[in-house]
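Database features, via Swiss-Prot:
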- R43: O2 binding site (BINDING)
- H47, E53, H91: Fe cation binding site (BINDING)
- E53, R95, E105: substrate binding site (BINDING)
- 1-160: region 'Domain A (catalytic)' (REGION)
- 161-177: region 'Linker' (REGION)
- 178-282: region 'Domain B' (REGION)
Amino acid sequence: MAMAINVKKWIEENTEYFLPPVCNKLMHNQQLKVMFVGGPNQRKDYHIEEGEELFYQVEGDMCLKIVENGKHKDVHIKQGEMFLLPGRIPHSPQRYADTVGLVFERRRLDTEKDGLRFYVEGSPEVLFEQWFYCEDLGTQLAPIMKEFFSSKQYKSGKPDPDQPKAKMPFCLSTEQVMEPFSFQHWLNKHRLEIIQKKCVSLFGDDHETKAVIYGGGESKQSKAQTDVWIWQLEGTSHVTLGNEVLKLGSGDSLLVPEETLFSWTREDGSIALSTSQVPLPM
């Protein structure tokens with residue numbers, strides 16, 4: 001049974017999970033993974049996945065360390081800012097105390113692999129890496145980290161010449177990442193356009209992340225091909241799932257499961273974020 005969740009209240013009720021050693025809590029863990037992450041959490045490992053990740057800083061700032069075209073780079077995401085990370089870019093989130101960030105990623109396709117990588121200190125040279133099919137990153141990381149900390153590479157800080165280089169299942173992205181932007185400033189700038197067009201995309205159609213701002217209006221019944229997460233930012237709306245009608249007030253959210261028929265009616269003055277991730281054909 002679908003249920004509306006007030007985001008602010010949910011964060012307050014789950015504060016304990018945003019502290020070490022856990023530092024995160026999944027609100028939804030289906031086709032779309034909707035998670036909130038806290039800190040402090042400083043790390044050396046870099047994660048690589050084929051899909052995109054969408055970041056939004058709810059409270060406080062964070063630093064996302066990435067390797068862009070062979071060069072280390074820090075992406076600073078401030079409170080209230082949004083950032084879309086392309087797939088196939090090594091990244092390492094650095095989070096601080098008293099911060100909370102919202103992160104979206106999707107369930108992996110059967111053909112996809114994730115990588116966990118460490119670099120030689122201050123260098124783009126790979127020190128250690130492993131590739132695996134990601135089902136539950138939280139539990140799968142521990143044995144890989146344990147193997148790394150007992151390895152020659154960790155003890156010497158240099159690659160092991162006797163260790164064959166891992167074969168990468170795909171090439172890294174050569175895309176240059178975007179600059180983080182203030183979500184509220186974006187809303188203010190596009191408010192008239194949202195009212196006139198009824199909906200405006202944040203990132204366009206050439207990304208697998210479909211993040212769309214909806215104003216007042218109606219979305220007729222259709223089937224969600226993937227999970228759709230709705231966050232009612234202003235005003236009210238009503239989502240119909242079968243015979244069930246759910247009212248969303250300001251701050252409420254709702255996950256519409258994949259393959260579900262639904263319709264959505266938004267009152268005048270409504271502003272809502274709809275987020276889904278549809279894997280792009282390779």
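Backbone N, Cα and C atoms are what each Cβ position is placed from, and that goes for glycine too.
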- Task: Compute the centroid of the Cβ atoms of H47, E53, H91, then list the same-chain residues not in that set whose Cβ lies within 8 Å of it, in sequence order, for the Fe cation site.
- Result: Y46, I48, E49, L64, I66, L85, I89, P90, S92, P93, E105
- Task: Quick one: of the binding-site residues R43, H47, E53, which has its CA closest to the CA of R95 (substrate binding site)?
- Result: R43
- Distance between H47 (Fe cation binding site) and E105 (substrate binding site) at the Cα atoms, whole Å? 13
- Count the Cβ atoms, other than its own, that fall within 10 Å of the Cβ of R43 (O2 binding site), considering every protein chain shown. 13
- Not counting E53, R95, E105, residues with a CB within 8 A of the CB centroid of the substrate site are M35, V37, F55, L85, H91, P93, G101, V103, F104
- For the binding-site residues H91, R95, which Cβ has the most other Cβ atoms within 10 Å, all shown protein chains included? R95
- Query: Taking Cα atoms as reference points, which of the binding-site residues R43, E53, H91 is nearest to E105 (substrate binding site)?
  - Reply: E53
- Task: Determine, from DSSP, whether H91 (Fe cation binding site) sits in helix, strand or coil.
- Result: strand
